[in-house]
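Beneath this line is the structure, given in structure tokens, with notes to follow.
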Amino acid sequence: MVLIRVLANLLILQLSYAQKSSELVVGGDECNINEHRSLVAIFNSTEFFCSGTLINQEWVVTAAHCDSTNFKMKLGVHSKKVPNEDEQTRNPKEKFFCPNKKKDDVLDKDIMLIKLDSPVSNSEHIAPLSLPSSPPSVGSVCHIMGWGSITPIEKTLPDVPYCANINLLDDAVCRPPYPELPATSRTLCAGILEGGKDTCVVDSGGPLICNGQFQGIVFYGAHPCGQALKPGVYTKVFDYNDWIQSIIAGNTAATCPP
């Protein structure tokens, strides 16, 4: 069954007012406390439900399907139970979506830009990850991370973020398992062909970091997570660089690429 990394929990959200679901890293290990300084936890009154990436002191990039009412963002978080001294919490001041996104089409232009209600300060556990200077190459080793489920079928959410390395694959690899994706979708295909490592429920909106650059946003994949020949699909950040930079510069009428 194919699910947007957030849709796995969507029914739960509707029934329990939790939040839209994302995915967690299956087949990974606990992240080093200092290796996810740009990772943002997006949460509501009950739980973490998505992640995002801090790209400067005032802006966060995540998936459009992570939008919800009354959410907050935590930066500098590692353990949900044992807070770091430098953790900072922010509210969204403004949220931006592609104005040319097809209405009610969750598969189209899955990216959201959030302006924080006040800037954050760099610290031991907080630092932005800049936008990519060039697109990634097939074969690149990419890093995934998040508080998503660490088991492929049942939702098992960890107290700390998990990390794993996967490979950037040719886009054609993701077409057979996901024929519903638009032919012109600006996405990346990444995973392990034999399966076992993948983002999963509650990882949605988090980063795909290839060769140290923020290249993708957790978007779409299969459920159960981590299946062979069913890699994850990630929104391609590089293709949205101009739109992001235009919004930050104050051109709120900017449109995304088709």
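Note that Cβ sites are derived from N, Cα and C of the backbone, with glycine treated the same way.
Pulled from Swiss-Prot, these are the features on record:
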- 1-18: signal peptide (SIGNAL)
- 25-249: domain 'Peptidase S1' (DOMAIN)
- C31-C163: disulfide bond (DISULFID)
- N44: N-linked glycosylation site (CARBOHYD)
- C50-C66: disulfide bond (DISULFID)
- H65: active site, charge relay system (ACT_SITE)
- C98-C256: disulfide bond (DISULFID)
- D110: active site, charge relay system (ACT_SITE)
- C142-C210: disulfide bond (DISULFID)
- C174-C189: disulfide bond (DISULFID)
- C200-C225: disulfide bond (DISULFID)
- S204: active site, charge relay system (ACT_SITE)
Tertiary neighbours of C189 (disulfide bond) (same chain, Cβ under 8 Å, six or more apart): L168, L169, D170, D171, A172, V173, C174, P231, G232, V233, Y234
C210 (disulfide bond): tally of other CB atoms within 10 A of its CB: 24
Distance check against C98 (disulfide bond) for the active-site residues H65, D110, S204, keeping those with Cα within 10 Å: D110
Shortest C-alpha distance to C163 (disulfide bond) - which of the recorded positions C66, D110, C256: C66
In three-state DSSP terms, the structure that C142 (disulfide bond) belongs to: strand
Protein Cβ atoms within 10 Å of H65 (active site, charge relay system), excluding its own: 24
Local confidence of the prediction over the domain 'Peptidase S1' (25-249), expressed as mean pLDDT: 96
Least buried by Cβ count (within 10 Å) of the disulfide-bonded residues C50, C66, C98, C142: C98
Distance [Cα-Cα, Å, rounded] between S204 (active site, charge relay system) and C50 (disulfide bond): 5
Pairwise CA distance, C225 (disulfide bond) versus D110 (active site, charge relay system), rounded so that it is a whole Å: 20
Cα proximity to N44 (N-linked glycosylation site), best match among recorded positions C31, H65, C66, C142, C210: C66
Recorded positions (N44, S204), the one with most neighbouring Cβ atoms at 10 Å: S204
Disulfide-bonded residues compared (C174, C200) - the one with the fewest other Cβ atoms within 10 Å: C174
